[in-house]
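Step one of this worksheet: look at the structure below.
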């Protein structure tokens, strides 16, 4: 039995003497082995976690509203496949009504298997549109050899998708960026752009005509990798992006993966920090009126605590408190 069958609960084979497969609901299910039971349990937990996180993001940022027509951008990668499937499953039990239309932009890259996505989407029995635009040739012509193509390719793709959304009557454009993409963008902007800027879960397009949403904003990439493997999605690699050497985003991805492995909890804290911003403790005078600050003589609970002692976990494992709990070291800022 393969992984998709375990995830869906379909376990029986076709009856003897027939050459045709029997519909899942009509088959007599054979007992699961202990290993298959464990796999099914873990796979079900994974889907529930993904569905919960997507649902939370949709609610937290009011991504999808009653009557929306959501244009799900499908690239052929693991993230967009998972996003489409989860949104379809959530729609079945959502308290609101919304439509889904899947859209793929065929950029005419050499070797792109044009048949894969149409065949897959027909099996799902949902509306879809394949937009054929040769942006590949434009990018290769305009970008010098050895330079990264991502910026120009992204701008061309964005403009086309905005136009298609208008033609299809879509009210929301769903992109498959996940938690790790958001953190990588934050680090890229900090390290190479000098900006404290990430990737928003919801935004208005630069032309003011579209709302872009990222339903996978709370989802870890490793979970999406596991889910794609279980579902056996027909993954289509991007020969234009993935084959480019020395991409800064690849460096950030490796950095995030390394931190997550070596320092459990660090990445979660970084991600949580994006939703816990304190403008008065940054340095952007456009966000906080530093110039107008005056001593009022009244206590301010939101005031400066830069000279207070800050708890920093040592994680050394060498010292414990009387009750056996790990101690917290108090570190003064002037000692750092």
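Glycine is treated like the rest: Cβ placed from N, Cα and C.
Features reported for this protein in Swiss-Prot:
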type	residues	note
COMPBIAS	11-23	compositional bias 'Low complexity'
REGION	11-31	region 'Disordered'
MOTIF	75-80	motif 'PP-loop motif'
BINDING	150, 153, 241	[4Fe-4S] cluster binding site
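All protein chains considered, the CB of residue 153 ([4Fe-4S] cluster binding site) has 20 other CB atoms within 10 Å. The average pLDDT computed over the motif 'PP-loop motif' (75-80) stands at 95.
Secondary structure counts, DSSP: the motif 'PP-loop motif' (75-80) has 3 helix, 0 strand, 3 coil.
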